[in-house]
Amino acid sequence: MTSPLMLSTEQYLVPSLPTIWFGVVLFTLAMYVALDGFDFGIGMLYATRDEHDRETLLAAFGPVWDANEVWLVAFGTTLLAAFPPIYSRLLSEHYLLAIAIVMGLVFRGVSPELREQRDDDDWQRICDRLFVFGSTITPLLLGTLVGSWIFGTPALSAPSLLTGIGLVALSLASGAAFVAAKTRGSLAADMVRYGTASTLSYLGGVVVLLTVVLWTDPVGVRSLLLTPSAVAVVLGSVLLGVGGIVLARRGRHRLWFASTVGLSALLVALVARLLYPTIYPASGLTIEGAVVSPLALNLVTVLGLPVLVLVLWYFKFLYDVFAGPIDEQGAEGGY
Amino acid sequence: MDQASPILFARILEAIPAAPLLSAEFASRLQFGWTISVHILFASLSIGLAPFIVYFTWKDVRTDDPRYARLREFWVKLFGIGFVMGTVTGIPMSFQFGTNFPVFAEAAGEMIGGPLAFEAKMAFFLEAVFLGVLLFGRERVSDRTYILSSVLTGVGAWLSGFWILVVNAWMQTPRGFELVERNGMQIAQLTDPVAAFFTPRMPWMYVHMINASVISVTLLVAGVSAYFVWRKRNSEAWNTALRAAVVLLVITAPLQAVHGDAYGRHVADTQEQKFAAMEAHYDTGQADLHLIAIPKSADSLTDPRADNLWTISLPAMGSFLASGGDFSEEVVGLHEYDDNPPVALVFWSFRFMVGLGFLFIGLALWGGNLLRKGRLRESDRYLRSMILATPLGFAALLTGWYVTEIGRQPWVIQGVLKTNDAVSTTLTGAEATATLVAFVALYVVLLAAFGFAFKWLIEGELVRMGVREESDPDRPQLPLVSSDD
């Protein structure tokens with residue numbers, strides 16, 4: 001039977017469509033981790049800078065952070081559209097964590113915008129503190145939520161918290177790389193130092209996390225971790241992390257930033273590996289068991305996927321418009 | 001003392017469980033209602049400002065007239081702040097489907113997930129990406145691309161509203177699905193996407209909501225412009241903005257009344273219970289229309305019934321409006337139902353909205369007449385009235401939204417799923433109350449911060465116009481686009 005849009009109500013357009021959408025959901029998550037990750041990193045680095053550098057940091061992420069943040073909405077709604085039970089469980093079973101994340105995003109989002117509305121030291125100090133606070137707490141909580149998702153562990157547990165800390169370190173590394181790629185001079189040199197430290201912390205954190213997980217074996221993750229693909233992803237992360245540090249030291253800042261994007265992608269690839277073919281380990285729900293009906297999924301495939309390609313295209317446009325180093329002496333912080 | 005403090009401590013501990021915790025359901029409803037009330041203000045600000053932004057940007061780029069550069073700069077700045085507020089308050093909205101109403105999210109996931117995902121991918125991204133260009137890219141892109149960016153930002157805002165209202169309209173008049181059993185619960189499975197997206201309510205709601213947003217922002221633009229003109233009569237920029245706003249109000253305010261009347265008939269046809277609540281109509285039969293209703297006591301404020309109100313009513317007019325011309329039409333009364341929405345909220349919200357709607361028509365006609373005579377800037381009384389009316393569009397919009405959403409209760413999906421069945425079963429009253437309190441505190445601060453930012457924007461403009469001294473001599477002079485005043 002076909003519906004008015006000539007889409008089948010009986011079968012998926014291709015048999016593997018549910019798995020493809022599992023990939024799409026994790027792709028949107030990877031985009032979010034990579035893009036808003038560097039925004040968070042900039043927010044953390046902000047605490048270490050003086051007034052002039054702060055303006056430069058704000059200029060570096062000003063035109064793009066809002067668009068980056070939308071990838072979280074894209075992730076959430078894609079998850080809802082393809083796997084509604086997972087969306088419901090993930091959010092309702094981690095209620096306080098989920099609400100705290102959106103509140104952290106409020107602090108991160110409005111504080112730099114409000115800061116620019118008034119030249120008043122006290123006002124700017126409050127906004128700055130909230131900005132640093134929001135930029136640190138949000139990836140911590142978000143990582144904790146993802147950890148709880150894949151390991152089925154409560155928020156206050158080693159696997160969940162270590163995932164959170166790992167995401168903070170990764171965000172810091174990509175923030176440093178992004179700022180280095182967008183600036184010159186002493187700022188870039190400082191970024192290399194922060195970037196090196198945070199990348200090493202990230203890699204160390206991943207090793208500790210995996211050791212804990214191998215040891216405690218929550219929801220049977222051990223057997224999944226000891227597969228060639230999982231091992232390859234972990235080794236790839238180590239290589240990419242170390243390679244990033246080398247690139248940073250050699251002044252290849254754009255490539256360094258690309259390597260941190262790669263690290264984010266590998267992290268989400270690891271998440272995918274540890275979930276598949278289940279999608280909610282805590283209750284053992286699989287992709288096949290959670291996916292929407294053929295017609296609903298066919299519809300979002302035909303209407304949604306082409307648009308996603310279009311989105312990627314105009315993201316490229318946005319980043320091209322604001323490409324190149326910031327004029328650090330210029331008015332309005334560079335743009 | 002040594003003995004008293006452990007006792008005191010024990011008493012405090014005992015008192016904590018007795019603290020006034022709300023039930024998970026009630027707190028969730030209040031929380032959703034509160035967060036959407038704040039979010040909708042910023043969402044409508046984007047939708048309503050879009051036409052102004054496009055117009056000012058286009059005139060600025062094409063004519064190089066400095067007054068349009070000034071108007072563009074001022075309103076794009078407000079748009080930017082409003083958009084950030086809309087983003088950060090919008091993300092909690094979609095999260096709350098999962099955190100607080102997971103049964104709803106799971107049962108309706110097939111129906112609402114697609115439109116919400118399209119909203120993010122087709123609309124939200126578009127608006128966010130091109131707003132970045134609009135705010136920071138004037139010197140980096142061509143004139144044509146810059147104008148296009150303003151158009152795409154606006155298209156993003158209007159499309160965003162479209163997909164959100166596809167979801168909401170489906171919840172009011174659900175179509176295109178069948179109920180099936182999956183993972184141990186009843187869910188709505190999509191059978192017809194066209195019917196599910198273009199439900200009977202969809203076109204009504206879209207036109208009404210977009211127009212309400214435009215009217216709200218038009219009053220905002222008119223009020224702010226009137227204030228600047230009042231402070232400096234010969235400001236060319238702000239006289240231009242005031243004229244544009246009055247022209248738009250003359251078109252949109254009467255349209256809303258005509259459209260709203262037909263919309264009301266549609267509600268009477270599709271949601272009899274809501275219509276009865278709007279009119280506080282209890283006994284099935286011929287319905288009167290209470291034009292003006294004044295409560296006789298506090299009781300009649302919370303439970304409005306015809307014999308407890310001083311009313312000016314048109315006999316049988318309710319039937320006439322509901323049927324589109326039949327005075328004897330039988331209108332279903334609230335006594336037919338076991339479970340009704342809070343009638344007073346719906347009844348008074350509806351009157352508040354409609355009353356303001358007529359006030360806006362009055363302001364539009366008055367302003368249109370002054371404009372025709374070329375005396376807009378001279379009329380002190382009109383300028384002051386418009387300044388006072390600045391927030392009223394948003395007040396009408398909010399109360400209209402309450403009619404729609406509270407009037408639909410006890411249903412979250414009309415006739416399919418009740419709100420109290422949609423709430424999370426794992427959520428405790430303590431958690432829900434705690435997050436409710438946090439959201440109330442956070443959003444009050446957010447609204448205050450937005451208010452201050454708007455105030456500073458206005459003060460900066462006053463300084464630029466030269467009618468106000470720079471308060472802080474250390475503060476760097478704002479860069480002047482050029483001066484026409």
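A Cβ is built for glycine as well, from the same backbone N, Cα and C atoms used for every other residue.
Predicted automatically and left uncurated, TrEMBL annotations should be read as such.
Taken from TrEMBL, the feature transmembrane segment applies to B:36-58 (among others).
The transmembrane segment annotation in TrEMBL covers B:78-98 (among others).
Packing against the transmembrane segment (B:118-136) from elsewhere in the chain are residues 46, 53, 57, 76, 79-80, 83, 87, 145-146, 149-150, 152-153, 155-157, 159-160, 162-164: each is 6 or more residues past its ends and has a CB under 8 Å from a CB in it. The transmembrane segment annotation in TrEMBL covers B:118-136 (among others).
The annotation transmembrane segment is assigned in TrEMBL to B:148-171 (among others).
Sequence annotations record features per position, and here TrEMBL assigns transmembrane segment to B:206-229 (among others).
Positions annotated as transmembrane segment by TrEMBL: B:241-259 (among others).
Annotation comment: TrEMBL describes B:348-371 (among others) as transmembrane segment. Remote same-chain residues near the transmembrane segment (B:348-371) are listed as 215, 219, 222, 243, 246-247, 249-250, 252-254, 256-257, 260, 278, 290, 293, 301, 304, 379, 382, 385-386, 389, 392-393, 395-396, 399-400, 402-403, 406 (criterion: CB distance under 8 Å, separation of at least six residues from the stretch ends).
Marked as transmembrane segment by TrEMBL: B:383-403 (among others). Residues 36-37, 40-41, 44, 208, 212-213, 215-220, 222-224, 226-227, 229-230, 242, 274, 278, 345-346, 349-350, 352-353, 356-357, 359-360, 363, 366-367, 377 of the same chain lie 6 or more positions beyond the ends of the transmembrane segment (B:383-403) yet place their CB under 8 Å from a CB of it.
Outside the transmembrane segment (B:436-458) by six or more residues, the chain places 22, 27, 30-31, 34-35, 38, 74, 77-78, 81-82, 85, 88-89, 92, 224, 227 with a CB less than 8 A from a CB of the stretch. Taken from TrEMBL, the feature transmembrane segment applies to B:436-458 (among others).
Annotation: stretch B:78-98 has the most Cβ pairs under 8 Å to the transmembrane segment (B:36-58), among B:78-98, B:148-171, B:241-259.
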